[in-house]
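Input: a single structure, listed below in structure tokens.
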Amino acid sequence: MIVEKELAELAADIAREAGELALRRRDEGVQLAATKSSLADIVTEADREVEALIRGRLQEARPGDGFLGEESDADPGETGVTWVVDPIDGTVNYAYGIPAYAVSIAAVQGEAVPGRWQALAGAVYAPAHGELFTASRGGGAHRGAQRLAVTTETPAGALLATGFGYDPATHDGDLATVRRVMAIARDLRRAGSAALDLAYVAAGRLDGYFERGLKPWDFAAGALLVAEAGGAVSRLDAASARPMLIAGGPEVHDRLTALLTEEA
Ligand code: LIP
């Protein structure tokens, strides 16, 4: 656990520095760098600059570790530890000036593939809110110094969050999923950042979260936050092109899984 704690502290320090850079660039005005899988799937100059900062700091601190980031080439490394990084999760929010975005940094052991990796440590930092969420394997999840815990079921139903992909062709199916899930929901939120949605599940601000088609860097750190806060995280259709990530306290996670497994 000592190693995991040190990795979490490194992730937290770098996430803070990277988040402050993202905030400065946001205040200076955001420049669109390119579109990726669709016109809606954008990358800003700040995404690229922030990821380069994170990658450089990690290389300085732990040369030989692997790297899997949203905006640069993967490197398997040779230490068995890989850093899974989303420099600005919630990129569209960031581009529009909506403050719901976060730097997400996770350290994983083994093959850098969801479901095969062992998450060791993670940090999610929301610079516009000044909130840092951290977790280490076996060490719990925290917001600052506060220990986090997921919620238990309430008679009013579950406060759930979800998200939608950048491909318009997937929206009908995702909206059909939302219709099914509302059977157990008191309400639904769509904040635009998977890392923050997962951090909020860990913090008890949401009862559950589900989304299809996330990339490994969107959820690597947030999934560890939920697990270390006593929650459950799983992926349905893991071998498909758009696996469904489900996270929540144990009861809500299991009810979501039952509903969404029927649909699959
Ligand atoms: C985003 C996720 C969000 C999802 C968006 C997008 P990005 O990641 O955090 O949950 O709904 O479609 O994938 O692109 O901002 O890193």
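Each Cβ is built from the backbone N, Cα and C atoms, and glycine gets one as well.
The model shown is predicted, which means the values in this text are computed figures rather than measured ones.
Among the candidates ASP218, ASP237, ASP254, the one that TrEMBL lists alongside GLU70, ASP86, ILE88, ASP89 as binding Mg(2+) is ASP218. Cβ atoms within 8 Å of the centroid of the Cβ atoms of GLU70, ASP86, ILE88, ASP89, ASP218 (the Mg(2+) site) belong to the same-chain residues ASP47, VAL85, PRO87, GLY90, THR91, ALA102, SER104, SER193, ALA194, ALA195, LYS215, TRP217, site residues excluded. The sparsest Cβ neighbourhood within 10 Å, among the listed binding-site residues (GLU70, ASP86, ASP89, ASP218), is found at GLU70.
In this structure, ASP218 (Mg(2+) binding site) is part of a helix by DSSP.
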